[in-house]
Each structure stands twice: as structure tokens, then as C-alpha cells.
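Student: Supplied in C-alpha cells, the structure appears directly below.
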Amino acid sequence: MANHIKKIYFRFLFWLDGILPKHNIPVLLYHSISDDNSKMSVSPEKFEQQLIQLKKAGYKSISLAELKSCFDKNIFPTKRVMITFDDGFLDNYEIARPLLKQYGFGAVFFIAGKYIDSTADFCTNDIDRVKKMMSEDQLGDLSGNNLEVANHFFSHKILSDMDSDEIKNEYYTNRDKLLKIVGDIETLKYVAYPKNKKNNVASLLEKCGVLLAFGGRPGVVKQNSLRYDLPRIQVYNNDSINKFLAKLSPYYYFLPWIAFVIKQAIRSPWFYLLLVLALSRFAFFWLGLFGFPANASLVGDWWTLYGGDEINYFKSAKEIIDGDVISRARPIGFPLFLIPFIWFSYSVNFIDAFPLVSFVNGVVLYSVALVLIYFLAKEILGSKLKAYIVAVIFNIYPYLFYFLFKIFVRGNNIISPFVESRFRQLMFWHFGSDPLSIVLILASLLCFILIIRNKVNSIFIASIVGLMSSWSVIARLQNLIILPIFFLAFLLFRKIKLLKYFFIFSLLPLFLQLYFNFISQDSIFSTSYKLNGGSGSDIPIFSFSYIFRIVTYPLDYGAILLAPIIIILVLAVVGFYYLIKLNKKVGLFLFGYVILNLLFILFLEPTFRNPRYFLPVIPILIIVLYLPMDQLINKIILYVKSK
């Protein structure tokens, strides 16, 4: 059973690698090519099979200098592989060398000079300790013909056990000895760490003139790999051919990476602090069910709790489940999301599904949004503490909205229902598309910021940004401005290659929406939204005059509301100044993101009737507003200390 699951998993990786190839270079790590049953050994027959499969798959060798050039030019090819051998065992010369030549592959041999023409005394296994190593003549013969000799430090000692002077001595002694043998100093500027152990030696090696350093951490070499900690793929004799080929794919390392991230996360106190925020969503939801702070139950019969939109979302999901044509060309992003919950709750009508969907929106998706905001703020502010404070503010800001109105604005038959219903919407308790769309937008923003900060530079991440941002649009059409914002940002930051994949994958959800539009209304551009202010209204949905409601609404319902609006505007200006000063690329991108979003939503008729239209910018504004507040607090603390 386990073998069948592995085969299915490997085939999935091959399929994924075929439809979404990533530009990276697998670096294979061998030690001995022998039948001696050592853990370090790969049999000659297995090694030959692997070379045959590499050739059949279209792989070609890449040299050390070519790999360095990939980093320098920031261009990584596909179907290139580097085969490396550590230590310098005699069988590398006698067995591996002829096979490499036969199948047209080059290789790199990392040699520890102390053990040339000796035995592998540094090994801990008795089988390995008696193995013979290559002689000087064999190493000299090995160098050239697409085979390279590189530096494995002189005595094969663990670098983390040495001080800086010892490490430099190990490097230079080995380099000078090998230089007399191979006569090429350039390849000797590339190193592999003995036993794959090292401390923080990157800056030291760079000063010594080392160009690239290879470790043993599993994975493939890609654009954002660290030059002095390049991953390599350890090859074992018991690796099946399918597993061997799967190891060449970057997707093979995704699940181990997830396991590593989880392991690291549960060791961090920030994991438990974020868990506290998630648990607080349960408490808030429970309080909401009992009418706090709003004076009504979540499952009441107010139109503000389930109006036409909510019923239509449910109806569309049921139509998809039943195989019927969606009526009125409604947005399909949220109805598709609803399908499993409707199935799970055996919902016949809207009310059946409401409690579960309300819980998923208000607890699960809000918790996901909090985690995303934390990581987004951490990338922007560079501090876990500051990021957590931002997440806390986002967790409670709907209460600030609610009590601001309740305390300072006189309630009436317009204001009271408005405040209570909008509070629930900001808490994500309603049966609406906003929670899903904001989670998708936050995830897209986080991925894009990682791209422009050069922490990731992969086609996969750019494709994910395209897919998620586009899905946020078909979940909520008012997010339409998101796609051109990302398109322009990719263009302005000169991520042209990634832009292509963003564009292609952003089309997939859009084409799906256009297809549903066509089968329901015989027009791909048909939509259930009309260019007026609502059902039976002649008010235009777009107007330049709507922006003045920032002033007229507070004057109509509570002039005191002008105070927080003015404060927010001033703090936002100062905050963006600090943000651009902190990180120019990120600051300019987020400034453009907020401004373009506001220029779009401020001219929509429903915006000032519903603050959830501001949801795409609220998390960013909280981060930006935090910056000047943080500066002010620090100055107050310094002033108090000085006194």
C-alpha cells in the first residue's frame, strides 16, 4: 500500500513539474561508487541507471563557473544538473569517471588534501575507513574533460569546531596543495563543507575569495539560494529510480519544508501568541451569538443579516451542485467556496447553511487573515513584536468602529441598524464574500512583497499571486482594481518573466467567470451588477461627487466623526513617509496599492453606506498608521528617560 502511495505521489510530482517547470539546478551528492553496502555507497549498476535516466530526461551537466554565472545574471536554466562527489574515493576515478564519460556528463570532485593517496581515516564506519583514496596522478588526470576538482578543506574536520584562523588555514592549505596537482585555481575557490556542518562562516569565506559553498541541506539550487549554503541532494543506494527522479524536482521538498516550518513554529512563542488571537475569535463569535455588543442574534431575521446578496450566494452554490445554470451571471468565487459547507451541513435553504458559514467566516477565515497580517507586517516592519501589535489591532478594530458610533453619534432609525449590521460584516460574521476575498488579497500581497524584496523569485509564487488575486475578483467584483495594480507593479519592478505567469494564471478564474456568464446570459460580459445605486434606483454607481461624502456624511450624522478621519489622513501621510524611508520598494508599492484602491472605491455609490468596501486597504492602513504611533511612543519614552 505504501509503495502505491509513493508511486502516485511521485507521478503527481512529475506531472506538476511538467505543467509548471521551475528554473532551478539540482546538485547531486555522491561519495563512493561501490558494492560494499556502506550507507555512503551507491552501486555501479544503480549509478549507471541514474545516469541513463538523467540523459533520457534531457539533463545536461553544468560547471561550477556556469552555476556562478547563473547567480550573477539571475538567470537559471532548466534541465541542467551538477553531479558532485565528496572526499575523493578511488572508486570515483576507477568506476564513476568512465561512466560519466560514457553518458556525456561532467562532475565536480571535492577533495580533502590530507587524504590524497591514503585511506579514509576520517570516516566513522569501518567499511569506509579502509577505502582507498585517489592519488595525485589520478587527480591530475581527473581534472579537465568536463571534470573539475574543488576544495573540501584540508583535513576534513568539522568547521563549526574551529575558529576563524583554523578555517582559513584549512582552506588555503588545501587550495595550495591541490593547485600544484591540478593547476587551476578557479575551481579551488568553490568549497563543500566537510560532513555538511558549519557555523556562520559565509562572510569569512567570502573574504577568503570563495565563490560558492555547498552544504548538505536537501533541496535544489534556485535564484534565492544562499551562495554559501547551497543545497545538495544526497543520493542513496536504496533510492528507486522514481524517487531519484522525484528528488530532482523542487516540489519534492515541499512537504518536508512544511514539516520543518511546523516544527520551527511550535517552538516559537509567537506561534502560541497567534493561537491566542485565533482563540479570541471563538470568544468574540460566542459573544456575538448572545448579542454583544450588537443588540440582536446572529440568526435573527433582519435584512441586514441576510439580504439579497447572501441568499443569491447560496442559490448560486445550490445551482452549481445541482448542475443547473447560474441565474443572472452572478460572481462564482464565493459560491464555489460554499459548496463543501452546503454539502457538509445538508443545507436545503439558506438558514441551514448560515451558522456553519458564519463560523467559518468569522472564526476560521478571520484567524487566517490575522496570521497573514502578522507575516505581512513582519515583512514590512521587520519586527515580530510590531507585527503582533498590528494583528491585535486588526482583531479588535471592528469594536473600535462600533463604540465610536455608539458613544459619539446619536442613534436613530438609520444609524443604529447601520452600525450593528456593519459591525457584523467587519467581524466577518455575515454570509458574504468579503472574508474569502480579503484572505486571498492578503496572501497575494504577502507573496508579492516577498518577490519585490527578492526573498522569493519563483514562477510558482508569481502564478499563485495571479490565481489568488483573480479569485478575489470573482469572489467580489468590487476588487477588480486589484489585478491592474499587481500587473503594473510587476511591470514597474521589472519582473517581466514573473509577470507572464502572473498574467496567465490570473486568467484562469476570470475565464471561469466568463464561462458562467455566457451559459447563464449568452454574454461573457453580462453581470448581475447594474450601473445604478441599487435595486430600483436611478442613482449612478460611479460619480466623482461621492468622494465628498468623506465630509458630508459626518456632517449629516455626527460631526465628531471628522476628527478620527482627519487624524487617520495625517497619520497615513506620515506613516507612508516612514515606510518609504524604511523600505523604498515596499513603501512605494503599498502607497500605490492604497491610493489606487481608494481612487476606485471612493467613487462607488455604496462605499460610504458600507465600510467593508475598504477591507482591501484596512490592514495596510493599520500597518502604516502604526509607524508614526510607534515613532511617537519611542520619542516619549526617550524624553521620559532623559528627565
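Easy rule for this one: first residue shown is 1, then count along the chain.
Positions of Cβ are set from backbone N, Cα and C atoms, glycine also.
Those TrEMBL annotations? Automatic predictions, nothing curated.
What TrEMBL records for this protein is below:
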- 79-194: domain 'NodB homology' (DOMAIN)
- 270-292: transmembrane segment (TRANSMEM)
- 332-351: transmembrane segment (TRANSMEM)
- 357-376: transmembrane segment (TRANSMEM)
- 388-408: transmembrane segment (TRANSMEM)
- 428-452: transmembrane segment (TRANSMEM)
- 473-493: transmembrane segment (TRANSMEM)
- 499-519: transmembrane segment (TRANSMEM)
- 557-579: transmembrane segment (TRANSMEM)
- 586-604: transmembrane segment (TRANSMEM)
- 610-629: transmembrane segment (TRANSMEM)
Student: As a test: from 332-351, 388-408, 557-579, 586-604, pick the stretch that has the greatest number of Cβ pairs under 8 Å with the transmembrane segment (499-519).
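Tutor: Ranking 332-351, 388-408, 557-579, 586-604 by Cβ pairs under 8 Å to the transmembrane segment (499-519) puts 332-351 first.
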Student: Based on DSSP, tally up the residues of the domain 'NodB homology' (79-194) by helix, strand and coil.
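Tutor: When I sort the residues of the domain 'NodB homology' (79-194) into the three classes, I find 54 helix, 26 strand, 36 coil.
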Student: Spell out yes or no: are there three or more C-beta pairs under 8 angstroms between the transmembrane segment (428-452) and the transmembrane segment (473-493), with each pair 6 or more apart in sequence?
Tutor: yes
Student: Which sequence-distant residues neighbour the transmembrane segment (473-493)? Criterion: at least 6 residues beyond either end, Cβ under 8 Å.
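Tutor: Tertiary neighbours of the transmembrane segment (473-493) are 331-334, 337, 433-434, 436-437, 440-441, 444, 448, 451-452, 462, 465-466, 499, 502-503, 506, 509-510, 512-513, 527, 529, 585, 589, 592-593, 596-597, 600-601, 604, 613, 616.
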Student: Considering every residue in the domain 'NodB homology' (79-194), what is the mean pLDDT value?
Tutor: 93
